[in-house]
Amino acid sequence: MEQNNSLFSRIINANLVLQIIFGIAAGIILATVSHDLAKSAATLGGLFVGALKAVAPILVFVLVASSIANQKKGSNTNMRPIISLYLIGTLLAALTAVTMSFAFPTTLVLVTGAEGAAPPQGIIEVLRTLVFKIVDNPINALRTANYIGILAWAIGLGIALHHASQNTKDVLSDMSHGVSFIVRFIIRLAPIGIFGLVANTIAETGFSALGGYASLLGVLLGSMAIVALVINPLMVFIKIRKNPYPLVFTCLRESGVTAFFTRSSAANIPVNMTLCEKLNIHEDSYSVSIPLGATINMAGAAITITVLTLAAVNTMGIQVDMFTALLLSVVAAISACGASGVAGGSLLLIPLACGLFGISNDVAMQVVGVGFIIGVIQDSAETGLNSSTDVLFTAACHRARERS
């Protein structure tokens, strides 16, 4: 009995990452033993993701407004190099996906298209939607978790209150600390939430439906692994001039794992902000760069759009020259940056990319259908890469500034 208590206390008092690993293992075991119980555990996962999604909009709004209002004269938020890394990283991810698709060409067994889905008609529509999100009603932006709109209003309010009395600034600062406290409490519940998510996912799918798409998943996941373990570390090394892997693995472990199971960049914003605080990054920087990254830093989405589009091209027997492939990389990168402005995200931007090759919308929507089938893995890996990269690039720019 004492041994059991000792084991339980070790689990309770363990590092959060170890607790998450234990939650993953427990979820797999439960799904293997009882599918019904595992499906019931979905409530725990839903509550955890719901809590993160609920707190994220108000966290971003209060933190950004407080940070700008309390900003000291002459301080530098370091946003330009961070945004540059976001955009360059997304483009390099698309180029990596093109290279992998040429090296390991895949074809698809097309299925019924995604019913009721409404893809954008062109790149202009994607960008137009993104721009109009800036002028959204602030209450509606908070209600719908429109982070572009939330950022715009928070920045505007922060600038307006920058010259307010110190008491007003202190109220904003105290509110940001209060919301941060709630976030830390929710994050401590991550092992329980991830236990529920893992148990339900395995019980619902068993991953058996993915067997027919092994080669496609191989190219997708291989591209994402190359970006996470080769391209991103190289970019960070160029920035900080020292071994990037300790920072890379910290971001993957503490941000990527949670994002993988929540499958939501928005839900992972509080996790990323807590990690930035742990890495001693200036709040002025990460309070803006993390929610902005959740909107425009979309390396995983660029890979998904590129790989599935080229798989459709191969299936239709269309020959692709290098110039067109490079053009696809640029279109995929720009589209990926606007993925947050499209319901359904990266998958519903595939018809836009397919239009480059004259592929009909009917066929393109069947490709989207394939995307939904493999989504349990593709969407998880995509979100893990996107979200962990937000912290990685923010931390890299912070360390580069400290070094200079």
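For all residues, glycine too, the Cβ spot is worked out from N, Cα and C.
Noted in Swiss-Prot for the protein shown:
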{"type": "TRANSMEM", "residues": "11-31", "note": "transmembrane segment"}
{"type": "TRANSMEM", "residues": "44-64", "note": "transmembrane segment"}
{"type": "TRANSMEM", "residues": "82-102", "note": "transmembrane segment"}
{"type": "TRANSMEM", "residues": "144-164", "note": "transmembrane segment"}
{"type": "TRANSMEM", "residues": "179-199", "note": "transmembrane segment"}
{"type": "TRANSMEM", "residues": "218-238", "note": "transmembrane segment"}
{"type": "TRANSMEM", "residues": "290-310", "note": "transmembrane segment"}
{"type": "TRANSMEM", "residues": "316-336", "note": "transmembrane segment"}
{"type": "TRANSMEM", "residues": "363-383", "note": "transmembrane segment"}
Most Cβ pairs under 8 Å to the transmembrane segment (44-64), of 82-102, 144-164, 179-199, 218-238, goes to 179-199
For the transmembrane segment (218-238), give me same-chain residues lying six or more residues beyond its boundaries with a C-beta closer than 8 angstroms to one of its C-beta atoms, as numbers and ranges.
85, 88-89, 92-93, 96-97, 100-101, 104, 106, 244-245, 247-248, 252, 256, 299-300, 303-304, 307, 311, 374, 377-378, 381-382, 385, 388-389, 392-393, 396
Between the transmembrane segment (82-102) and the stretches 144-164, 179-199, 290-310, 363-383, work out which stretch tops the count of Cβ pairs under 8 Å.
290-310
Leading contact stretch, 179-199, 290-310, 363-383 vs the transmembrane segment (144-164) - CB distance under 8 Å:
290-310
